[in-house]
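Trainee: Dumping the structure here so I can ask a few things about it.
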Amino acid sequence: MSPQTETKASVGFKAGVKEYKLTYYTPEYETKDTDILAAFRVTPQPGVPPEEAGAAVAAESSTGTWTTVWTDGLTSLDRYKGRCYHIEPVPGEETQFIAYVAYPLDLFEEGSVTNMFTSIVGNVFGFKALAALRLEDLRIPPAYTKTFQGPPHGIQVERDKLNKYGRPLLGCTIKPKLGLSAKNYGRAVYECLRGGLDFTKDDENVNSQPFMRWRDRFLFCAEAIYKSQAETGEIKGHYLNATAGTCEEMIKRAVFARELGVPIVMHDYLTGGFTANTSLSHYCRDNGLLLHIHRAMHAVIDRQKNHGMHFRVLAKALRLSGGDHIHAGTVVGKLEGDRESTLGFVDLLRDDYVEKDRSRGIFFTQDWVSLPGVLPVASGGIHVWHMPALTEIFGDDSVLQFGGGTLGHPWGNAPGAVANRVALEACVQARNEGRDLAVEGNEIIREACKWSPELAAACEVWKEIRFNFPTIDKLDGQE
């Protein structure tokens, strides 16, 4: 035996493989206020005990590796390791468990969602001992939250900038999403804003393609904004998508938007990446731009119930990284979204303090301290008949976005915008008068049709449209 080996042995190093649960499963651990807490849905491989699976998640997402290493003796594992501190079965699922893991705050770089996710959901999702793994929720402690800027402006500052109060904001995604020239695109923007919408929007995959380069689009959309503002007396905006192939190009586009004097830009935060998103968010705060966030690619990550990451985690990450709006499903439209679960992460986006509520999928109490809120955006397959439900579900602090539900109006874009604005104003007035939108919604819309031919035409076109498909990602215990 060499002297080196003898030295290592003499300080207690023992090579080999040992069970994770001997080090990382600590049911006696009392969580600290500064810990980041995670709730994982764990599906172990056959023969792997849930305690070992939960401990493996804690180890592989913090300080552990597959074998004992002598450099463990050069640090304090008790200080830095993740700990699986509780395991509970999932109701109705024999092979699934919720494993709760606590991570010491010093494991993470300040102000970096990128680093936080690299640790917590980095390698561990490919771990062979697990058949599947899903991150259901995170508790971000105030000590970590305070290292982030968060949304560039937040809900109240946005309302003050736009001078719009007491109702949801109305938007529209310009369709067809690809193929229009910049001038025709700007014309559609003008018609929608002139008809009564607050915002129009680039679709997520509108960047700078051969048929419409970004600079041309920005110029024609700015012209549409200023013309519609002059005619209506209302502040208008268009979400100019600054997403690009490099961070430098993205910022260049945001700079041009600022020079044009428009109020808001847009970013695809998952395809663009958290580092790019945080950089753009900082630029927007420094330069007075609102930031609209699209969640393109989210369903790749969050739709399957037993593997991936729930959208409530992506929503929390966005609030840290920064954005003033984010798409949050509709409950009633064409895209996936369970009602209680959606309302849970909508509250996590908007409110300062959210209590633990498992009936809405919220595993931890979340205190956002002074971090501004984010407006949830309801978008995808919605039309005027959905307006009462959307107003009731999302409340005033939201953006209701009708793409086909505006541009598909039989009389054109501007009448489509008029129909949506009239429907919204009717629902808000009825709610303020004490009427129940959930019960009387259709009647309220029919009454408004009597004095708005544009709304009457829209109601006739979409009276039979339904998206009656079951939700894939339901809360536990739901049939």
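Numbers run from 1 along the shown chain.
Keep in mind that glycine also has a Cβ here, set from the backbone N, Cα and C atoms.
Among the features that Swiss-Prot reports, active site, proton acceptor is placed at Lys175, His294, with the record citing sequence analysis. Taken from Swiss-Prot, the feature substrate binding site covers Asn123, Thr173, Lys177, Arg295, His327, Ser379, and the record attributes it to sequence analysis. Per Swiss-Prot, the feature Mg(2+) binding site maps to Lys201, Asp203, Glu204; the stated evidence is sequence analysis. According to Swiss-Prot, the feature N6-carboxylysine maps to Lys201, an assignment based on sequence analysis. Taken from Swiss-Prot, the feature phosphoserine applies to Ser208. Annotation comment: Swiss-Prot describes Lys334 as site 'Transition state stabilizer'.
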Trainee: For Lys175 (active site, proton acceptor) and the residue listed as 'phosphoserine', what Cα-Cα distance in Å is obtained after rounding to a whole number?
Mentor: 16
Trainee: Mind checking which of Asn123, Thr173, Ser208, Ser379 has the fewest other CB atoms within 10 A of its CB? They're the recorded positions.
Mentor: Asn123
Trainee: Relative to the Cβ position of Asp203 (Mg(2+) binding site), how many further Cβ atoms are located within 10 Å?
Mentor: 19
Trainee: Please identify, among the binding-site residues Thr173, His327, Ser379, the one with the smallest Cα-Cα distance to Asp203 (Mg(2+) binding site).
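Mentor: Comparing Cα positions, the candidate nearest Asp203 (Mg(2+) binding site) turns out to be Thr173.
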Trainee: Between C-alpha atoms, which of these recorded positions comes nearest to the residue listed as 'phosphoserine': Thr173, Lys177, His294?
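Mentor: Result: the closest of the recorded positions to the residue listed as 'phosphoserine' is Lys177.
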Trainee: Measuring Cα to Cα across Asn123, Thr173, Lys177, Arg295, His327, Ser379, which the record gives as the substrate binders, how far apart are the two most distant ones in Å?
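Mentor: It comes out at 37 Å between the most distant Cα atoms.
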Trainee: Near the Cβ of His294 (active site, proton acceptor), how many other Cβ atoms are there if near means within 10 Å?
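Mentor: I count 28 other Cβ atoms within 10 Å of it.
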Trainee: Where Lys177 (substrate binding site) and Glu204 (Mg(2+) binding site) are concerned, what is their Cα separation in Å, rounded?
Mentor: 8
Trainee: Counting other Cβ atoms within 10 Å of each residue's Cβ, which of the recorded positions Lys175, Lys201 comes out lowest?
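Mentor: If we count Cβ atoms within 10 Å for the recorded positions Lys175, Lys201, the smallest count is at Lys175.
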Trainee: Out of Asn123, Thr173, His294, Ser379, which of these recorded positions is nearest Glu204 (Mg(2+) binding site) by C-alpha distance?
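Mentor: Spatially nearest to Glu204 (Mg(2+) binding site) by Cα position is His294.
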